[in-house]
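> Please see the structure below; I have some questions.
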Amino acid sequence: MADIHHSFLGLLVTVLYLLTGVSGETLSMFSRVGDDVSLPCNNVVYPNCSSTVWNYNRAGSTVTIEVVALGKIKDDKTERLSLGSDCSLHVSNVRAEDAGRYTCQQFLTETGSQHGGDAPVDLSVLTISSTTPVTDLTPDADMTLRCSLFSFMGHGTQCISGVSLSWVLNETGTEPQKYSGSQDPQHSSCDITLTVTLQKKDNNRKWTCTLTEKGNVKISIDFTSTFSGPQNLFLTVSVGVAVVAAVCVTAAVIIVRRKREKNQVPTDNSIGLNAVNHSTPPTNEDKSQPDDRITYASIDHFNQNPPQRVDVQGEDAVMYASVMPSSTRGRETENPADPSSLYSTVNKPQGAKTST
């Protein structure tokens with residue numbers, strides 16, 4: 001009885017797996033070029049994905065390519081493919097050639113047969129491009145855009161039932177000037193074009209193509225028209241000139257400041273001079289000179305912020321000088337008419353010692 005019970009449970013589990021595979025309809029997914037997409041696997045047996053296999057069939061090709069084998073990405077597919085924790089297949093930076101049918105299968109052993117049915121996912125990729133060279137995008141020039149859907153059915157063929165492509169209305173709320181492509185959701189083309197005559201306001205404008213499935217917008221893709229004429233060239237040159245001017249001004253300011261710092265005479269507020277006129281001669285005055293011809297002055301050196309006392313060795317700390325016209329000397333030489341020469345005397349104290 002127990003054996004019959006276990007056999008019945010095993011048969012029931014097998015039937016459930018088969019029903020899961022058979023009843024699973026083909027899932028349609030859409031992506032833009034450059035996006036990332038995750039393709040779900042609806043028939044997982046082992047949560048660690050050790051039984052999961054992903055196969056890929058490109059549009060119009062009967063060749064099946066295995067990209068995941070028992071939970072491991074093939075070596076030549078690891079750049080943009082990865083496996084999620086739920087055994088879903090992640091495709092990064094989607095390209096047009098990624099469009100096609102991806103099928104998730106389960107194999108309980110490496111050499112065993114397939115367990116259950118397939119779980120197929122059709123990936124369609126929406127692209128947009130300009131058939132007009134980018135260098136020709138200028139005001140008053142014609143621009144032609146092409147919006148295409150790459151799918152398992154191929155490129156440029158009739159869309160699957162319920163899917164259509166269309167251009168978004170322009171800013172004035174009217175249809176584009178020239179348009180090609182059917183608007184019939186049941187018989188629409190998956191390759192449409194748009195031709196417009198560019199105006200100045202169309203510089204850096206986005207043109208949008210939308211994909212609708214059964215009346216619902218699934219995805220959209222944009223193209224930006226950027227003019228390459230004199231307008232952008234003038235802007236680029238203006239920015240370059242502004243940057244160069246800013247650098248030159250900064251360099252000039254730095255040079256001027258350095259010159260000023262270099263030429264500035266250092267000042268020391270701690271040093272001062274006092275000049276005092278004396279009505280009486282100093283002690284070392286030359287007594288042979290008359291008083292009305294000589295002016296006496298003394299210069300005192302002082303420190304307003306005296307530091308700690310330091311004895312300085314040397315004899316050149318203080319000097320006295322006097323200057324008198326030679327007319328006085330002329331009295332001694334009895335030649336008062338000789339004003340062409342001056343004489344001076346310098347007195348230097350002997351053994352002078354200063355303290356600061």
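In case you wondered, yes, glycine gets a Cβ from its N, Cα and C as well.
Remember, TrEMBL labels are computer predictions, not curated facts.
Taken from TrEMBL, the feature signal peptide applies to 1-24. Annotated domain 'Ig-like' per TrEMBL: 34-105, 120-220, in sequence order. What TrEMBL lists as transmembrane segment is 233-256. Residues annotated as region 'Disordered' in TrEMBL: 263-356. TrEMBL lists 264-283, 341-356 with the feature compositional bias 'Polar residues'. The compositional bias 'Basic and acidic residues' feature in TrEMBL is assigned to 284-294.
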> Counting by DSSP secondary structure, give me helix, strand and coil numbers for the domain 'Ig-like' (34-105).
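The counts are 6 helix, 30 strand, 36 coil.
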> How does the model score the domain 'Ig-like' (34-105) in terms of mean pLDDT?
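Taking every residue in the domain 'Ig-like' (34-105) and averaging pLDDT yields 92.
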